[in-house]
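In TrEMBL this protein carries:
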type	residues	note
SITE	Arg47	site 'Transition state stabilizer'
ACT_SITE	Tyr52	active site, proton acceptor
BINDING	Asn102, His108, Asp115, Ile129, Ser130, Arg139	substrate binding site
ACT_SITE	His128	active site, proton donor
Amino acid sequence: MPTEFTTTDAGVRRITKVDPNEALDKPNDPKTFLLLSGVNHALFGKRDAKQYGTTTLAQIEERVTKLGKELGVDIVCAQTDYEGEMCQLIHYSRCLGGVIMNPGAWAHYSYALRDAIDACDSPVVEVHISNVHAREEFRHKSVTAPVCAGMLSGCGVLGYDLGLRCAIERRSERDAAKKA
């Protein structure tokens, strides 16, 4: 089953089905980055505006896709409420330039997600809209951040822009180091 995509009217490319093994045989595409959204993120704009604001996930995807074009990279988007599928999407991203990932609550306890990130050859930047350190105690620790190329928290939706810029820079640094 090959990975399948759709494109919205706003020009956002979304992964609709993923084949994580495809990345093993596929040539690397350093100019395509994955915007990966985790559990409950389809509710952005509808839940807890104090923590997450009023911007919807579709608006975040449009924003990052537009910025990607300005920066000369393509963006593909995916959102899942299933931890195993999140891991599969990270496995698939091995053939991409990098990942901007908001794992949501999984950041605080998912060692499966941590292991998937650790096995990923592409830079993964963790993003959280809210300041996780100003929230409940259990949110203060991320088990995924230590294996990420960077982590942004509390910047609102601007964190996604910064995350993309960071992922591009980390990819560039990595590629330069491989050539040296």
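Using the three backbone atoms N, Cα and C, a Cβ is placed for every residue, glycine included.
Curation plays no part in TrEMBL annotations; they are all automatic predictions.
Structure coloured by features recorded in TrEMBL.
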residue	record	DSSP (3 states)
Arg47	site 'Transition state stabilizer'	coil
Asn102	substrate binding site	strand
His108	substrate binding site	helix
Asp115	substrate binding site	helix
His128	active site, proton donor	strand
Students should find that the Cα atoms of Arg47 (site 'Transition state stabilizer') and Asp115 (substrate binding site) sit apart, in Å rounded to an integer, by 29
Specify the nearest of the binding-site residues Asn102, His108, Asp115 to His128 (active site, proton donor), where nearness means the distance between Cα atoms.
Asn102
Count, for each of the recorded positions Arg47, His108, the other C-beta atoms lying within 10 angstroms of its own C-beta, and report the residue with the smallest count.
Arg47
In all the protein chains shown, the tally of other Cβ atoms within 10 Å of the Cβ of the residue listed as 'active site, proton donor' is 25
Out of Asn102, Asp115, Ile129, which of these binding-site residues shows the lowest number of other CB atoms within 10 Å of its CB?
Asp115
Validating a neighbour-count step here. Other CB atoms within 10 A of the CB of Ser130 (substrate binding site): how many?
18
